[in-house]
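Participant: Please see the structure below; I have some questions.
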Amino acid sequence: MSKENLRKILRERLNNFNAEEKKSKELSCLSYFTKLLGDLSLLSSDKTIGLFAPLSDEIDIVSGLKGQGFKLAFPSVNDLGQMVFRESRYEDLVEKSSFKVKIFEPRLECLEIDPDILVVPGLAFGRNGERLGRGKGYYDKYLKNYKGITIGLSFDEQLIADIPMEDHDCYLNWIVTDKEIIEV
């Protein structure tokens with residue numbers, strides 16, 4: 001199956017959750033995510049977690065991490081069209097209007113930083129660390145030179161057996177779902 005067909009199927013699948021079901025799954029993901037950080041001895045205030053401001057069909061764990069002492073960083077696209085991460089509080093993100101969907105980014109004056117842990121969004125994930133993004137390539141380009149820990153955050157329904165991978169696609173270290181932690 002082509003990547004574009006797979007994306008269409010996954011978008012439909014994600015839009016079928018009702019609000020209560022989605023919230024329950026998000027809380028379960030957050031629980032597994034914080035367990036993984038503890039298991040890896042990464043529950044520390046000196047660590048920076050790279051997150052994303054979730055779209056309506058993405059998992060929101062940001063609110064669950066607020067007040068836990070982590071430094072947070074969020075993606076921003078610089079003048080060269082490259083994705084970078086900037087340290088910011090979630091509440092301080094600003095709407096970026098140059099994309100087709102409503103996204104939020106840190107202000108340009110926020111400190112550019114390489115997170116210790118990077119939570120990577122996606123439409124689908126595989127048990128071997130595969131990831132299918134939204135097709136723009138921002139994360140794959142960033143991940144090519146990233147040296148930290150990468151964690152894909154996923155509902156169990158987003159785990160797919162055969163994700164088509166190309167040379168430029170990057171594999172992740174861990175996948176966390178609402179049902180399990182998968183070490184790659």
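Note: Cβ is positioned from N, Cα and C throughout, glycine not excepted.
Look at TrEMBL and you will find Lys3, Glu4, Asn5, Leu6, Arg7, Arg131, Leu132, Gly133, Arg134, Gly135, Lys136, Gly137, Tyr138, Tyr139 tagged as ATP binding site. Sequence annotations record features per position, and here TrEMBL assigns substrate binding site to Glu58.
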Participant: Express the distance between the Cα positions of Leu132 (ATP binding site) and Glu58 (substrate binding site) as a whole number of Å.
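Facilitator: Per the Cα atoms, Leu132 (ATP binding site) and Glu58 (substrate binding site) stand 13 Å apart.
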Participant: Using Cα coordinates, what distance in whole Å links Lys136 (ATP binding site) and the residue listed as 'substrate binding site'?
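Facilitator: With the alpha carbons as reference points, the distance is 16 Å.
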Participant: Looking only at Lys3, Lys136, the binding-site residues on record, which one has the least crowded Cβ, with the fewest other Cβ atoms within 10 Å?
Facilitator: Lys136
Participant: Please list residues from the chain of Arg134 (ATP binding site) whose Cβ is under 8 angstroms from its Cβ, counting only those at least six apart in sequence.
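Facilitator: The list for Arg134 (ATP binding site) reads Arg7, Leu123, given in order along the sequence.
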Participant: Distance check, please: Cα of Glu58 (substrate binding site) against Cα of Tyr138 (ATP binding site), rounded to an integer number of angstrom.
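Facilitator: Rounded to the nearest whole number, the Cα-Cα distance is 17 Å.
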Participant: Check the DSSP secondary structure of Lys136 (ATP binding site), expressed as helix, strand or coil.
Facilitator: coil
Participant: Hey, what's the Cβ neighbour count for the residue listed as 'substrate binding site' at 10 Å?
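Facilitator: 18, counting other Cβ atoms within 10 Å of the residue listed as 'substrate binding site'.
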Participant: Run through the Cβ atoms and count how many others sit within 10 Å of the one on Leu132 (ATP binding site).
Facilitator: 20
Participant: DSSP secondary structure for Glu58 (substrate binding site), reduced to helix/strand/coil, please.
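Facilitator: Glu58 (substrate binding site) sits in coil per DSSP, no helix or strand.
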Participant: Select one residue from Asn5, Arg7: among these binding-site residues, choose the one with the most other Cβ atoms within 10 Å of its Cβ.
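Facilitator: Per the Cβ count, the most surrounded site is Arg7.
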